[in-house]
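Structure first, commentary second.
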Amino acid sequence: MDQLVIADKTFNSRLFTGTGKFKSNELMENALVASGSELVTVALKRVDVDNPEDDVLAHLKHDQFNLLPNTSGARTAKEAVFAAQLAREALGTNWVKLEIHPDPKYLMPDPIETLQAAEEMVKQGFIVLPYIHADPVLCKRLEEVGCAAVMPLGAPIGSNKGLKTLDFLEIIIEQSNVPVVVDAGIGSPSHAAHAMELGADAVLVNTAIAVAGDPVAMGKAFGQAVEAGRAAHLAQIAQPRVTAEASSPLTGFLNQL
Amino acid sequence: MYQDLFYQQNWDEVKASIYAKTSHDVERALGKERRNLEDFKALISPAAAPYLEQMAQLSHQLTKKRFGNTIQMYTPMYLSNECQNICTYCGFSLDNKVRRRTLSDDEIIREAEAIRNMGFEHILLVTGEANRTVGVQYIKKAIQLVKPYFSHIAMEVQPMDLEEYEELIEAGLNTVLVYQETYHKDDYKKHHPKGKKSNFDYRVDTPDRLGKAGIHKIGLGVLIGLEDWRTDSFFTALHLDYLERTYWQTKYSISFPRLRPFSGGLEPKVEMTDRELVQLICAYRLFDEEVELSLSTREHPIFRDNIIKLGITSASAGSKTNPGGYVVEPESLEQFEISDERSAEEFAEMIKNQGYEVVWKDWDLALQ
Ligand code: SF4
């Protein structure tokens, strides 16, 4: 498959994964390995940064994985920047998934705080991947302040509802100069394939793998779906045939000229 | 900068890929909701010719959806025919021995009044490239002089530096038209052998400077007839696509000037038929639902009457292409011959008869 480049890194897999909600860390490890994912998010709030033997991190020590710490739990720009700094220290990476959700119920990202935090983080040398609503204008603003990618949501986080924001995702994909990673809401491999067919550069999946009956098999299924969707996008998908509406011809005049 | 993207492409390869498009590619492009640059190639390719009516119907629907039943009106005001460049296709070219003339302040005001009285609120200021006589300060002055008469000021003059654009925007400039003429670099050199305009790269990066300066609208296009129009149009679309992504707060328009006769004129290297021009206009609309498509009086009246429904959103009318052409000195030399000699009023009447609204004013300087 063609490679994805974000900032200074090249990825063979366009499936990004999360590490929450698995029954055990062993199961998480096996599922993520099976998925082929090369970028794995970890919530800073979940790892014990003072303990090098932290259980989550221990299970992610594979050459396959790049860690993407997220700022989940932060409610303001200030908290997010602080969390990113901590993560840089603790995990030795300047990559960060910027998440700010002041709303504990639906975990809706705060656009204003996110933009402020992104600008500050870029200045501090972070590779920033912001998690946001599927808002095309916000995506352009984030691109302008120097974000390395944008991560618009497909549906409310953890909802498994698929691409509810389809129309806006299409606009974002069409307009973006940085990779677009569809994040949140993807509940099944067909959703992931759909996002890739539309031209998304990658998808991020967590819950759908973590809570599946067989997370290892599901991880693999997602890996394959993302590949298939990407390949279909590159191959240029056939379209339903349009039939011209019967109305008076508009080009008949050309015969008179 | 567009340059970086441009130099990754190869003219001959692009051309070959356009001509290799098949009816399958065209049908796929027609069936899509959003079309990309590859689809645009298919739609401008010879393979799309049998689909012209279908393209026209779709273009009509999309234009109505986005712009309603409206056509915006504008007219050019030539401020000067002085020019230090040699362009093989232009009546103002330095080597063309004609009397040169530049409007004075007073003459600018008289022309502005006359144009305003014809109903126009949108004006396009045009000059040749003569930095000593019609440099930035002259143009700035002209903008200030015409400002009380118009609600939207566009210009089509020599490319400028970023700071100069900033200064003119500050003075009230709303739109800049800058046509690449051709994206074929070698041919560009042939047609622009002398003068500042011979610098291809400076010209090709002009929209970037405009975008950075924060201009409201940029007009793009090529002069059809200099080189293979399909390939040139692809590079225009590539430019448009790049600009829309990068300077996303700016609006864009496209024009399709076909080479017209003028005194001492050049024969077009490539002919574009009326049918092909319709194809190109529809292809742009299918590629980009938001872009404004503009038609000048270079085209024949019958063509202009019928194109109103096919994707065009703005048109000039009653145009004079000589400095002072409206009242000050109607007989001075034209830049090129116009084809539609009807008055603005007659043209507007024709638009209304087709069930369209004529939009004279669609901007206000207060918004700037
Ligand atoms: S096209 Fe413009 S630059 Fe070239 S000769 Fe004519 S007025 Fe001068």
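Any Cβ shown, glycine's included, is placed from N, Cα and C.
TrEMBL names A:A184, A:G185, A:N206, A:T207 for binding 1-deoxy-D-xylulose 5-phosphate. Of A:G146, A:G158, A:G229, the residue it gives for the same site is A:G158. Mean pLDDT of the predicted structure over the domain 'Thiazole synthase ThiG' (A:6-249): 90. Close to the recorded 1-deoxy-D-xylulose 5-phosphate site, the chain also has A:G18, A:A155, A:P156, A:I157, A:S159, A:N160, A:D183, A:I186, A:G187, A:V205, A:A208: residues not among A:G158, A:A184, A:G185, A:N206, A:T207 whose Cβ is within 8 Å of the site's Cβ mean position.
For A:K97 (active site, schiff-base intermediate with DXP), the nearest of the binding-site residues A:G158, A:A184, A:G185 in terms of C-alpha separation is A:A184. Within the same chain, residues at least six positions away from A:G185 (1-deoxy-D-xylulose 5-phosphate binding site) with a Cβ under 8 Å of its Cβ are A:L153, A:G154, A:A155, A:P156, A:I157, A:S159, A:N160, A:K161, A:G162, A:L163, A:K164, A:T165, A:H191. As a whole number, the greatest separation of Cα atoms within the 1-deoxy-D-xylulose 5-phosphate-binding residue list A:G158, A:A184, A:G185, A:N206, A:T207 is 9 Å. Cβ neighbour count for A:G158 (1-deoxy-D-xylulose 5-phosphate binding site): 18 (other Cβ atoms within 10 Å of its Cβ, all protein chains included).
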